[in-house]
């Protein structure tokens, strides 16, 4: 099958198509992970994006449902240097997602690094793609909106409340689902924390009706500035009970506290991002997937930076300055402590979430 990748600057990249025979538009990004293509493709945070893998070989260890981070592929398309085996091809076909192989992913990555993320179109076809078609495809890319103009969270958030009960419940969390990864839920449940997953646009009254001991605002796709409704809910919850966040959730908490976010040139996507804990000086290697960040020049009043990225000095964690009152506790991280895929250096943060919930539960009982 023929494959073609068309960039907004008119660049045409031809290769071998695999997966579904179709055409998609999206923001072209790169991921530096050496493994974990199943987790990456099924991560809801990739909604609206075509993912390029910098590691050259993909598909060599198959596909298993136990690795899924959601109910299916959420990325729009997949770009690899070499694709091996039939499982990855079948996987993309099952979810009607196109892929392209046999292309210079190093060239694509360097282009994104230099120019920034790029609007693009990926087309696969059993018929050769002509020069006349190329002109039409370029026009489609140029007319495609920037990802900041697309409201992506409603496409990946749960439509109804889902409860995950821990066998020996120690505490309960309401998770505001902006496109949560399954491994985040798993990390909480296995620590004795029952999780009530609610839609992104749930109001504080509904959230509090589940009697949570803390709230976690999840990861997800797109620009946090588009999510005024969720920000308002988070703002109303702060001071009522402990509030934590991961990735997009971190950005929403930043805005709720009075801070600002901005779009990164090419984002952080991969399992090898070094993060420094400002208090302890410890460095963690973390898994990340985000294209927006907290503006360190506008730290919300009453808050402080908690973690920083050692590659580019961007903000990786923020917290409300500690109070003796647990209900005022607020902290969030930009990276993914659950990994999925990636290192487990920061999974202790789930222990801290659960411990926070247990303490607040006891405080409520007194």
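Placement of Cβ uses the backbone N, Cα and C atoms for every residue, glycine included.
As recorded in Swiss-Prot, the features of this protein are as follows:
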type: REGION; residues: 1-168; note: region 'CPSase'
type: BINDING; residues: 45, 220, 222, 248, 251, 289, 291, 292; note: L-glutamine binding site
type: DOMAIN; residues: 172-363; note: domain 'Glutamine amidotransferase type-1'
type: ACT_SITE; residues: 247; note: active site, nucleophile
type: ACT_SITE; residues: 336; note: active site
type: ACT_SITE; residues: 338; note: active site
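Mean per-residue pLDDT, taken over the domain 'Glutamine amidotransferase type-1' (172-363), amounts to 97. Whole-number maximum of the Cα to Cα distances across the L-glutamine-binding residues 45, 220, 222, 248, 251, 289, 291, 292: 13 angstrom.
Using a 10 Å Cβ-Cβ cutoff, residue 247 (active site, nucleophile) registers 29 neighbours. Residue 292 (L-glutamine binding site) is 19 Å away from residue 338 (active site) when you measure Cα to Cα. Long-range neighbours of residue 222 (L-glutamine binding site) (same chain, six or more residues apart, CB within less than 8 Å of its CB): 47, 48, 147, 148, 150, 151, 152, 153, 248. Sorted by the number of other CB atoms within 10 A, the binding-site residues 45, 291 start with 291, the lowest. Of the candidate recorded positions, 45, 247, 291, 292, the one lying closest to residue 336 (active site) when CA atoms are compared is 247.
Distance between Cα atoms for residue 247 (active site, nucleophile) and residue 220 (L-glutamine binding site): 7 Å, as a whole number. The secondary structure of residue 220 (L-glutamine binding site), as reduced to three states from DSSP, is coil rather than helix or strand. Its Cβ taken as reference, residue 336 (active site) is surrounded by 25 other Cβ atoms within 10 Å in the chains shown. Minimal Cβ crowding within 10 Å, among the recorded positions 289, 338, is found at 338. Neighbour count (other Cβ atoms within 10 Å of the Cβ, all protein chains): 31 for residue 220 (L-glutamine binding site).
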